[in-house]
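What follows is a set of notes on a single structure, which appears directly below.
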């Protein structure tokens, strides 16, 4: 079968499946839409009934990030791009309500128009493309939307994939339908992939080898840029940390993890090791719960929300929102929560960017790619004993972090961002 004919056949079947699936799932969809606002948010735009405002700039770029994580990762890049191409209008779309909320908060100064990503249905995508008329489309991470790719290529609009990643499970799924995806992957202008393995996988699925470039993970750049705006001396003063204090920060802890942390803390105290402990629960609704745990174990502790400081208490509960990243800058050793329980962990780059010795539990599947890239700098522990041993080694100086090497890793991300920006800019 000629490639063009197969491509059109796949696209036709794909678009027929959209209304059929909607009809079959209609009872479930009606329930979801009526029960929770987050499912209704942006529905008019997703259906093409409400179109984004047209940006009057001569050149326009459409960035798309599916949800919160992708939006947070790409936000500094979009800011960087806008500084480089100040006269270019920027559209930004996301699929989820939470993603849109984060996008508007972090990118309001540089994005001209926010909107919800349309359903990948031919008449809807065509209406959106005709309205916004982008000169380039930038998709964050690995999303393959056949209709968007087909129509963009038909209108000579270059599409770029940035921070591309293909997990083991995704790779298996994509390979099952690779013959059908291949014609649409051909329509990308460039694939900027995180690693050699990701690059190899996208080629096996069907991307042209000559269009694939390995640029690393732009999450590194995102964290690197945020860290530049943190004043460690200011935070030492805010939290009352003295020069000779050793501070252990346990960030984004989940239920049960505080017991591991406090068990390790008790072991260290029993060995005569003096250390200040800062516990930052991941979710605000657990602040009082963790305070009750500390009280029940007869610990004298302070609460950041009351303005308490480390020069008053050995244990400080960081029961505030948005301060943990800055507090990492004054830590001497860090434990990243959500990893001793099967939650999937949180971002270890947030402590590593400040050159802090960092430990995580074995459940880091949400950040497996980051842990693999930084495996030489992250200690994986399994229980309170191993956690206490790690902290003790850091305090005694028998465990050190190659700060220059870590710094170099983050600095390289700047050049990757330069490369991607230049590649998109040339297409405008």
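Along the chain as shown, residues are numbered 1 onward.
Any Cβ shown, glycine's included, is placed from N, Cα and C.
Taken from TrEMBL, the feature transmembrane segment applies to 12-31. The annotation domain '3-deoxy-D-manno-octulosonic-acid transferase N-terminal' is assigned in TrEMBL to 52-220. The active site, proton acceptor feature in TrEMBL is assigned to 70. Summarising the annotation, TrEMBL assigns site 'Transition state stabilizer' to 141, 219.
Taking the features listed in TrEMBL, we show where each one sits on the structure.
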residue: 70; record: active site, proton acceptor; DSSP class: helix
residue: 141; record: site 'Transition state stabilizer'; DSSP class: coil
residue: 219; record: site 'Transition state stabilizer'; DSSP class: helix
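Per-residue confidence over the domain '3-deoxy-D-manno-octulosonic-acid transferase N-terminal' (52-220) averages 95 (mean pLDDT, predicted model). Residue 70 (active site, proton acceptor) sits 7 Å from residue 141 (site 'Transition state stabilizer'), taking the CA atoms of both as reference points.
If you draw a 10 Å sphere around the CB of residue 219 (site 'Transition state stabilizer'), it holds 24 other CB atoms from the protein chains shown. Sequence-distant neighbours of residue 141 (site 'Transition state stabilizer') (same chain, six or more apart, CB under 8 Å from its CB) are 65, 66, 70, 73, 161, 162, 163, 164, 165, listed in sequence order. All protein chains considered, the CB of residue 70 (active site, proton acceptor) has 23 other CB atoms within 10 Å.
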